[in-house]
Amino acid sequence: MKKLVQFTVAVVLASAVLWYAITELNSAQGYSGGNTLTIYNWGDYINMDVVEQFEEETGVKVIYETFDSNEAMKTKIEQGGTTYDIAIPSEYMIDKMIQEDLLIPLDHAKLPNLGNIDERFMDLPFDPKNKYSVPYFWGTVGIVYNPSMLDGKEITSWNDLWDEDLKNEILLIDGAREVMGMALNSLGYSLNDTDKAHLLEAKRKLDTLTPNIKAIVGDENRMLIENEEAAIGLVWSGVAAELMWENEDLEYVVPVEGSNLWFDNMVIPKTAKNVEAAHQFINFMLEAEVAAENTDYVSYSTPNKAAMPLLDEELTGDERFYPPPELTEKLEVYENLGKRNLAYYNELFLEFKMHGK
Amino acid sequence: MGNRKTSPLSTLFLVLIFTILYLPIFFLVFYSFNSGGTMYDFEGFTLDWYKELFADTRLLIIVLNTLLIALLSALISTVIGVMGAIAIYSFKNRKTKNTLLSLNNVLIVSPDVIIGASFLILFTMAGIKLGMFSVLLSHIAFCVPIVVLMVLPKLLEMSPTLIDAAHDLGASRWDVMRKVVLPYITPGIFAGFFMALTYSLDDFAVTFFVTGNGFTTLSVEIYSLARRGIALNINALSTLLFLFTIVLVIVYYFITVRNKPTGMGVRR
């Protein structure tokens with residue numbers, strides 16, 4: 001009994017010490033004060049130096065939280081019980097969130113820097129007139145490949161992936177929209193196609209790709225390609241940029257048949273407590289120098305026209321990551337297909353995944 | 001059993017299993033000292049990742065949060081769990097006893113994801129803000145059944161005559177509890193506490209649903225970091241946590257060894 005009591009006291013004391021340390025650290029960081037801004041973003045998707053700069057300039061303390069999928073983020077915001085002031089979802093999710101009334105309309109008068117954004121990235125179908133969202137980063141879906149592992153073979157189109165020589169070399173992303181989109185594009189259809197016959201045709205075409213597929217993976221694909229476990233990967237452009245940073249031999253290509261153009265955008269969810277600071281933050285992120293600094297770190301493509309001259313020309317001149325307007329016009333943004341069509345996409349994708357070798 | 005010789009084959013098997021289990025951890029630890037910055041090219045020894053780790057206040061707060069939640073939830077769930085185990089034990093009706101025990105076990109085997117999702121729904125319906133409190137509550141909830149399961153066998157193992165004897169000798173109910181029952185089940189209580197502690201420390205699925213408002217635990221944070229490839233400071237952090245758990249195990253070992261029943265089943 002004595003031992004139990006001693007032990008309990010020890011645990012309580014240890015907890016008290018921890019509690020004290022946490023509150024001390026929190027107040028040293030300024031988190032416990034009133035003027036805070038909670039940002040909900042993808043993991044490692046912002047340059048923390050920029051955030052610090054924002055804190056110094058405005059006196060607002062930033063709490064940074066991370067999510068790993070649009071769906072998880074939406075669930076948390078939908079359920080309430082959180083106080084996110086800024087979230088950074090992808091375009092199709094923004095469409096959904098607008099429809100479900102989860103976002104606060106932006107006050108454009110408080111965002112004078114909005115003019116820095118390249119006009120081609122404004123007023124897009126998922127958010128006409130940018131009433132709710134401001135572009136944060138954009139990019140494409142394409143193919144990263146390792147020429148030295150392919151005897152110098154060049155890849156330019158989706159259909160090149162069906163080449164018999166590429167046995168067991170391809171890594172796909174575990175995403176129904178991406179993979180089905182690839183198959184649809186390779187057949188010359190739109191990646192927003194909802195015609196059942198076209199979708200079935202795409203699925204059948206995917207089945208014939210199985211011998212070439214090494215694995216259908218999530219974010220591990222980065223490591224597998226880096227370690228030269230596979231020669232070809234279906235990836236987002238930002239992933240490709242990072243990979244090429246590590247290994248200069250790698251090549252990235254946006255297939256000629258067309259592909260997906262995606263956006264991540266800053267929005268203010270309904271749950272926001274500090275709408276004023278949220279606007280301040282969005283405007284701050286649109287400043288040319290800040291956007292440039294952030295882009296340097298994140299290595300995805302910036303939609304900020306004013307930031308372009310401040311970036312390394314080698315990067316902004318790279319048409320693989322900053323494709324010219326002729327190409328971006330050919331690329332398609334994912335549209336919200338509606339629940340039923342999306343379910344059909346998922347079903348076909350699942351069937352394809354289960355299709356044995 | 002004790003003095004039968006183990007065959008070389010079984011020794012080999014044991015060594016093999018332990019190697020497989022521990023190798024990834026040592027791999028991780030090894031690369032936490034790599035100056036190269038990646039997990040596949042060892043360039044040289046450095047402590048930079050550890051320095052970076054301690055310079056990152058945000059991560060430090062998250063580690064402390066995780067430890068605090070683990071300690072508190074283990075403590076509270078041990079208290080509740082011990083009371084629950086004694087309650088189940090005290091039911092004379094075998095059927096009720098079994099029903100209660102089964103209900104307890106269902107909570108252990110039910111998938112974490114479902115528990116987490118239902119907590120999220122519960123908390124939002126009850127208007128509880130997500131944050132430290134919600135995480136603590138849910139951790140206590142999934143730790144209690146574990147504690148019950150660790151304590152109950154000790155209670156069942158205890159001879160009922162022990163309690164009768166104490167009563168006969170004039171002990172009050174409280175005296176029996178304090179001087180007979182609790183000392184007897186102490187090893188079970190410690191086992192429950194440490195089990196709860198480790199469960200809480202490494203739980204991801206439930207915690208993922210109920211964190212929010214600036215409060216995160218380590219498992220959730222590492223999960224979202226992993227999206228962009230894990231930096232070596234996470235290796236460093238894992239190394240430290242691994243050492244921490246080893247220390248816990250050693251502490252637990254000493255506590256249980258010193259509490260070994262002496263045969264009479266009664267200790268001071």
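Positions of Cβ are set from backbone N, Cα and C atoms, glycine also.
Residues or ranges marked as domain 'ABC transmembrane type-1' by TrEMBL: B:63-252.
The transmembrane segment annotation in TrEMBL covers B:12-33 (among others). Counting residues 6+ beyond its ends, the transmembrane segment (B:12-33) has Cβ neighbours under 8 Å at 39, 42, 45-47, 49-50, 232, 235-236, 238-239, 242 in the same chain.
Using a Cβ-Cβ cut-off under 8 Å and counting only residues 6 or more beyond its ends in the same chain, the transmembrane segment (B:59-91) has close neighbours at 53, 97, 100-101, 104, 132, 135-136, 139-141, 143-148, 150-152, 155-156, 177, 181, 185, 188-189, 192-194, 196-197, 200-201, 215-219, 221, 233, 237. Sequence annotations record features per position, and here TrEMBL assigns transmembrane segment to B:59-91 (among others).
What TrEMBL records for B:103-126 (among others) is transmembrane segment. Same-chain neighbours of the transmembrane segment (B:103-126): 84, 88, 134, 137-138, 141-142, 145-146, 148-149, 203-210, counting only residues six or more beyond its ends whose CB sits under 8 Å from a CB of the stretch.
The annotation transmembrane segment is assigned in TrEMBL to B:132-152 (among others).
Per TrEMBL, the feature transmembrane segment maps to B:181-199 (among others).
According to TrEMBL, the transmembrane segment annotation covers B:205-225 (among others). Remote same-chain residues near the transmembrane segment (B:205-225) are listed as 59, 62-63, 65-66, 69, 111-113, 115-117, 119-120, 123, 129-132, 134-135, 138-139, 142, 231, 234, 237, 241 (criterion: CB distance under 8 Å, separation of at least six residues from the stretch ends).
As annotated by TrEMBL, transmembrane segment applies to B:232-255 (among others).
Within its own chain, the transmembrane segment (B:132-152) is flanked in space by residues 65, 69-70, 72-74, 76-78, 80-82, 84-86, 88-89, 101, 104-105, 107-108, 112, 115-116, 119, 123, 185, 188-189, 191-193, 195-196, 199-200, 203, 206-207, 210-212, 215, 217, which lie at least six positions past its ends and keep a Cβ under 8 Å from the stretch.
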